[in-house]
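Asker: Below is the structure I would like to discuss, written out as structure tokens.
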């Protein structure tokens, strides 16, 4: 009779109440239970108050209650009915597996990446080609402009040269006219003297031979003097240029004088002399070979870039800026 009453009384008590009563009978505090079970004091308090924390899974809560029961010597079988009410097992929600292929997604992503890569490559190639074409076009326009300027300057020089030649010829004709009219009087006087004076034939022959010999000596002496004047000493600061193809160029010395400006043909050569340093503009650097003071001038950096060469040749040998 008493056993049945005790059993009914135990069933009336909840799990938390039974664990608290057993703890108090053993003289343990909530802090001591929490330290032995390695739990928080708040967790022990929730178990004794029959609370199920929302952030705690039911599986862990049931394990904590069983450990608490073993600690205070309460049979686990007596707590099972209360555990079902306090910490019921919750069915885990399993999300349905998506029906897709990982390989297909990866292939699709790789396809987009490859398309973007090709697009970037095409843009880079297009911009590079446009830049090269603009640069090439600008160089051609610059060469054409310089060639037109040099042609206009050459035409102006030719016109001025023709005017100087015409003036020189006019002056020469004016100077020659008195010289041609002057010998008229001696002819008349010579004729008169001839009428009054008879010259011996032998004397006339001697005078004629002497005159012709003197003229021969004079004419033979003239080329020697002219050759001596026409052979000046070579200038050490001269620029020597040989052309392997058609090339436009302009050469200016330190005084600003244009030594040459125009087009040179294939297999042509130039020998220019002026005051150093020289400033050069060369339309096709690969078509010309330059020597200064007997040493070649390096144009390789202009040939590699295929640009119009603008350089200054200093007084030092083969130094170009």
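From the backbone N, Cα and C atoms, a Cβ is placed for every residue, glycine too.
Not my notes, these are from Swiss-Prot:
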- 30-49: DNA-binding region (DNA_BIND)
- 19-71: domain 'HTH cro/C1-type' (DOMAIN)
- 167-190: region 'Disordered' (REGION)
- 1-111: topological domain 'Cytoplasmic' (TOPO_DOM)
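Give me the structural setting of these features: burial, nearby parts and distances.
Answerer: Averaged across the DNA-binding region (30-49), pLDDT in this predicted model comes to 88.
Across the domain 'HTH cro/C1-type' (19-71), DSSP helix (H, G, I), strand (E, B) and coil residues number 38 helix, 0 strand, 15 coil.
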